[in-house]
Every structure is written in C-alpha cells, then in structure tokens.
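According to Swiss-Prot, the features are:
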- Cys175: active site, thioimidate intermediate (ACT_SITE)
- 204-227: NADP(+) binding site (BINDING)
Amino acid sequence: MENVFDYEDIQLIPAKCIVNSRSECDTSVRLGGHTFKLPVVPANMQTIIDEKLAISLAENGYFYVMHRFEPETRIDFIKDMNARGLFSSISVGVKDEEYEFVRQLAEENLTPEYVTIDIAHGHSNAVIEMIQHLKKHLPDSFVIAGNVGTPEAVRELENAGADATKVGIGPGKVCITKIKTGFGTGGWQLAALRWCAKAASKPIIADGGIRTHGDIAKSIRFGATMVMIGSLFAGHEESPGQTIEKDGKLYKEYFGSASEFQKGEKKNVEGKKMHVAHKGSIKDTLIEMEQDLQSSISYAGGTKLNAIRNVDYVIVKNSIFNGDKY
C-alpha cells in the first residue's frame, strides 16, 4: 500500500470554473433504480434513522437505509412505504432468522428496492451466502453488502452478486473497533476507499470518518458513489436519539451500532455513546450539504458530480486544520 492518507491530509486542486453560479451545479446521483438529490445517506444506526425520518427523506428525494435493530418491524415498514408509493430500503444481518425473513418476503411478494447486508466484518462467507440467498429469493432487490476495507473483499462480494459494496471498518466517531481490536480503516479511510474503488466494477458507498462537508467531495474524488454519514446527521430535531439538557444546552444521544446501549449488554462491544449538540432541523443540514457540494463541483470545473472525480489533489501530511479544532 503506497500513499496512506485520510480526509484531513488531502486538498483537492481547483480547475477552471465554467458556471456563473454554483446553483447551476447538479449534485444528483443514481443508485439502483432511483436518482437522489445528494450522494449522501444517513447511517443505518438506531440514533440516526427511524421510520418517520425514512419517510421524510424518501418523500424529498434522498436515499436512506433503515437500521436492522428492530427486525420484527421490517415487514410492516416495507408495506407502509409501498402504500405511500415510496421506495423501501432495509438492512439485514446474517443469522439464521434473517434467511427465514428473506424467504418470508419472497412468499409475501414483498420486494424491498434496496437491501443492505450490515455486518461489521463483511469479508466473510456468511455475507457471501446471504448475498446469494437474497439474489435467489429477491432477484429484483438492489443488494448493498458490507462493511469491507480491501480490494479482495470488494471483488469477492461483487462476484457473489452484490450490486454495491460499503467500505469502512471502524473509522466512525462512535466506533471503537480500532481500539478494541487493532484492525480497521480508522486513520486511513480515504486511502482505503481509493484502494477499494480501483478494484470495484460496481458502486461503492464510503462509510465512516466524514467530519466535514468537504469530506463528501473528497470521497467522490476517490471513487465513492454514495457517502454514508453518522455523526454529522446525529443531534437533529428529527434524529431518533433522546434529547438531554445539560447546563441549559440541548444535546442528543448518539451511539455506535455495536455499543452496549444498542445491544443492551456488555458483550463484544465495539461502539460507544456520546452527546451531540442539538443542531435544529435535518432539512437545513441537507440544504447546506447540497450548497457546499455545488461549490465543490464549481471548484472542480464542472456542472455535475463526476467533475470532482477528475481533479488533482495534494497530500498535506501536517493536516489542513493546522491543529485547529474545526
């Protein structure tokens, strides 16, 4: 592996601008059978997404992935989304009951448009077998498989039938995999994304380590089609986490998917909990992300997201923040 770097080590280099206003730039992206307003998706975590927010995102032209931590609600969720004329996008694990769940969907003629196989270490036979099971019983579902961190994993999951792969092992803010296990892409997530994207023939979703809106543009530069984001989406009015008041300020809970708070027990814990300052409406954040990405496209010298993929970059090893807290 040559050139190991992360988001804060990279600056993209501007190309000649061809628009009069950034509002001329189009941030939309196609994934599966739909086109979405932004190449961004809130993480499929319990404190980030719930049914209500999923409906709102789908109605407004954004992608979402429902989490898998209330498995018994998934069938009703798919039916509800279908009744509303919206796309359904769910997560599954790889345990035996998930195989039964997929068979049940097929029997009831329920085909979610998107199914994400959501496992911490996605380069495994368990995931490959679940991809094959999904493709057999729900051939029309768009299958996203993850999470992975190597080109070999991307190739194997694609060959098994995955329609997209999700890249990122432990770079998230409430993920402590790197500390608990010594493994992962924390600290070099952007380089891992680049490495994986070179091997991919299907879309890649970058997952974890995004701390600023500029990191979305950097993810696209290095091969992501879609960018999954947790902490930047935590703490909004619409976020499912509990609201807490501390010293007159409002905060919301945000915890990792393998944390004891999510599991209800202290066993194989690879996530932690934090309190995030209350940020107002998620709609405002999505609009700001869109405007910032429009600016990124204008700096890239284009009118569409793809322009970002062609820009030059430099590696600034002392970090672009110069030690300042952003």
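Just so you know, glycine gets a Cβ as well, placed from its N, Cα and C.
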To see if you understand the setup: which same-chain residues, six or more apart in sequence, place their Cβ under 8 Å from that of Thr225 (NADP(+) binding site)?
Val29, Leu31, Pro39, Ala164, Pro203, Ile204, Ile205
According to DSSP, does Ile204 (NADP(+) binding site) fall in a helix, a strand, or coil?
strand
DSSP secondary structure for His213 (NADP(+) binding site), reduced to helix/strand/coil, please.
coil
State the Cα to Cα distance, in Å, between His213 (NADP(+) binding site) and Cys175 (active site, thioimidate intermediate), rounded to an integer.
20
How many Å lie between the Cα of Ser219 (NADP(+) binding site) and the Cα of Cys175 (active site, thioimidate intermediate)?
19
How many Å separate the Cα atoms of Ile216 (NADP(+) binding site) and the residue listed as 'active site, thioimidate intermediate'?
19
Relative to the Cβ of Asp207 (NADP(+) binding site), which residues of the same chain, six or more apart in sequence, are found under 8 Å away?
Ala43, Gly146, Asn147, Lys166, Val167, Gly168, Gly172, Val227, Met228
C-alpha spacing of Ile210 (NADP(+) binding site) relative to Cys175 (active site, thioimidate intermediate), in angstrom:
13
All-chain count of other Cβ atoms within 10 Å of the residue listed as 'active site, thioimidate intermediate':
25
